[in-house]
Amino acid sequence: MLSPTPSDAVAVPEEKLEFVSSCKLPMPWATFELHAFYDQISGKEHLALTLGDIGNGEPVLSRVHSECLTGDALFSQRCDCGAQLEAALKKIAKEGRGVLFYLRQEGRGIGLLNKVRAYHLQDHGADTVEANERLGFAADLRRYTICLPMLEHLHITSLRLMTNNPRKVNALKESGIEIAERIPLIVNRNPFNIAYLGTKARKLGHLIPALDKAETVEKVPPAAHDNE
Ligand SMILES: Nc1nc2c(ncn2[C@@H]2O[C@H](COP(=O)(O)OP(=O)(O)OP(=O)(O)O)[C@@H](O)[C@H]2O)c(=O)[nH]1
Ligand SMILES: [Zn+2]
């Protein structure tokens, strides 16, 4: 298990992940290696997709992606998740080296059914943070320490992380992981998610440049109900 440096005051929760197996996964852009892990605490399965020589000590181009079934698998335009997943995999394939962690913490950790409940509230005017709070959840319940045993298994010590979320960067740093670089991942800005992205920038601190504030009052345009 990677541990924080002695100067870090933050307590890092102990994660219990068991490596299960790995296999080749041919994708449209490259053939990745898929590594499967079982999370003994949550009972979830987490995945790491790797390409190239990632264990040689050089910082690794990486994406820590939280599950979004609606965006990743069902093409939802409410968020930017599916486009970020594809863009990250393409970037890794282009470099020929990198890792994508696919963490099964759907809906920022509240689960798929509660995310649909939150979307229902958003259809009726709440923003993404208010909806979580009305359901009795914090805005973001994710744990990035899940990555620690996977990083150790893969012999990765330093990341070039593709994200717009400074909380993710800080949480990983506080876990003792070196973040050599943050690489912005700005994709799929569309009429259905522009306000949602605005809320992420205003309330969750995401670094999403050049959002027009006037457009970013979160309301799903009526057509989104037909389209999703
Ligand atoms: N509760 C809730 N979860 C959402 C909503 N929209 C997306 N998600 C979940 O949010 C997670 C993705 O987090 P984001 O906040 O979009 O982005 P991030 O991973 O923090 O930051 P990036 O690295 O820049 O993508 C996934 O688990 C999605 O299922 C929403 O409106 N409500
Ligand atoms: Zn999403």
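Glycine is no exception: its Cβ is also placed from the backbone N, Cα and C atoms.
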(request) Write down the one residue from THR128, THR199 that TrEMBL lists together with ARG63, VAL64, HIS65, SER66, GLU67, GLN84, GLU106, GLY107, ARG108, THR163, LYS168 as binding GTP. (result) THR128
(request) Could you tell me which of the recorded positions GLU67, CYS68, CYS79, ARG142 have their C-beta within a distance under 6 angstroms of some atom of ligand 2? (result) CYS68, CYS79
(request) Please report the DSSP secondary structure of CYS81 (Zn(2+) binding site), reduced to three states. (result) helix
(message) Checking your reading of the structure: which of the recorded positions CYS68, CYS79, CYS81, ASP140, ARG142 lie inside a 10 Å Cα sphere centred on ARG108 (GTP binding site)?
(response) CYS68, ASP140, ARG142
(message) Just to verify a number: CA distance, HIS65 (GTP binding site) to CYS79 (Zn(2+) binding site), in angstrom, no decimals.
(response) 13
(message) According to DSSP, collapsed to three classes, what secondary structure does ASP140 (active site, proton acceptor) have?
(response) coil
(message) Neighbour count first, Cβ atoms within 10 Å, every protein chain included; then name which of GLU67, GLU106, ASP140 tops the list of recorded positions.
(response) GLU67
